[in-house]
Amino acid sequence: MRRWEIYLEIFMELIVIAGGAFLLIFVLPKCIGFLWPFVAAWIVAMLAHPVIAFLEDKISLPKRFGSALIIIAVIAGLIALISFIVSQLAAQIVGFAANLPDLRETVQTQLMNLKEQAVHLLDSLPYGMGVKFDTMLGSTDKVLDKAVSAIGNYGMEHSGNVAKGMTSGFIGTVVMFFASYLFIVDKDKIVQGYEKHVPKMVRHKIGIFYHNTLGVLASYCWAQVKIMVIIVAILWIGFILAGISYAFFLAVVIAILDVLPILGTGTAIIPWALYKILTGDIKTAIILLIIYVICLVTKQVLQPKMMGDSMGISPLATLFLIYIGLKLSGIGGMLLALILGIFVYNLYKLGIFDRKIAFFQRRIEMLTINSEKEEEQIKEELDRREREGKES
C-alpha cells in the first residue's frame, strides 16, 4: 500500500471519529433537551411499571386504571415537591439578591476591623506589603460592587427568558405525563414490536451495550442524585441550627459543588469557616466544620454502597473533563462532560473501540515498514551510484 493511501485512510477515520464526537457532545444533548418530555416520560414509566405489576397481581387492578392511578400519584407528588423546592429557592434567591448591598457593607466593615487588628503586624512588615494590603481591601469593595450590579443586570436581562422557560416547561410537563401514561399502557405492545422487528443478534448486542454503558451511566446519575439529596438535607439542617440565613438556597448551591469530584463541600465550607474564625464568630465556624465532617463521612460511607466501585476515570482525566466542560458550557457543561466521560470510558471497557485502535496501530506499523523500505532503497541507490562513480 502506498504511503499517501495510508495517510488518506487515517485522515478519513479521523474525520469519522471527529463527526461522532461532534454528534455525541453537541447534537445528542440538544436532541435530548428538545425531546426531554418523552425521555422523562420513559423514565417515569420504567419507575412506575413495578408498582403497576404489583397492583395487577395482588388486587387485579386493570392496567389502564392502575396506570392512571400511578400517574395521578406521580403528578401530585411531583407538583408538591417541585412547588416546595421552587417556592423555597425563589424566596431565598430574591432575598439573597436584595441583601447583597447590605452583605457587601458587612464584609467591608469586618475587613476593616481585621485591618485594624493587624495594624501592629503590618507595622513590623516592610512598607510595600502594607501598601499591598490596603490595595487589596480597596479592590474588595470594587469586586463586590461589580457582583451586585452583575446579578441585577442578569436578572433584568433574563427575566423574559425565565417566563418563557416556565411556560415551555409547563407544556412539556403536561406532555410528559400523558406520554408516561401511554408508555405504561402500551408497554407490552412496544416490547412485542421491538422483538418482532429487531433481529435477535442485534437485540443481544443492544442489551450488552445498554447494561454496560447506559445502565451503568443511569445508575451513576441516580446514585449522585440520592447522595445530593442527603447532602442538601444535612447542610440545610446544619445551617438552620447555626442560624444562617438563606439556609436552603446555600445548601443546594454547596450540594451542587459536592457533585463535582475535584471540588466538594469543602470548597465552600472551609473558607467560610476560616472567615468566621477571623471575624471572631467561633461558634458558627465550629458548626460549619462539624457540618463539613458529617457531609464528608456521609459521602464516604454512602458512595461505595450506592455507586459500587469507582467509575475508573483517573483524577487527571476528571480534572480535564471538568475544565473542558466549564470552558464549553459553564457549570452544566462540567456535569455533562463528566457524564459523557463515564459513558465513553464504559464503551472503551466494553471493547467498542478495539477495532479502531487496532486499525491505527496497523497503519502506523505500515508507515514504519514503508519508511524502513524507503531508507533501504535510498541506501542501495547511493551505494549503486558510488560504485558507478568508482568504476568510471
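Just so you know, glycine gets a Cβ as well, placed from its N, Cα and C.
Record features (TrEMBL):
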COMPBIAS  379-392  compositional bias 'Basic and acidic residues'
REGION    373-392  region 'Disordered'
TRANSMEM  7-28  transmembrane segment
TRANSMEM  34-55  transmembrane segment
TRANSMEM  67-91  transmembrane segment
TRANSMEM  166-185  transmembrane segment
TRANSMEM  206-239  transmembrane segment
TRANSMEM  245-273  transmembrane segment
TRANSMEM  285-302  transmembrane segment
TRANSMEM  322-348  transmembrane segment
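Listed as Cβ neighbours of the transmembrane segment (7-28) (distance under 8 Å, sequence separation of 6 or more from its ends, same chain) are residues 328, 340, 344, 356, 359-360, 363.
Sequence-distant neighbours of the transmembrane segment (285-302) (same chain, 6+ residues past either end, Cβ-Cβ under 8 Å): 226-227, 230-231, 234-235, 238-239, 241-242, 258, 264-266, 269-270, 272-274, 276-277.
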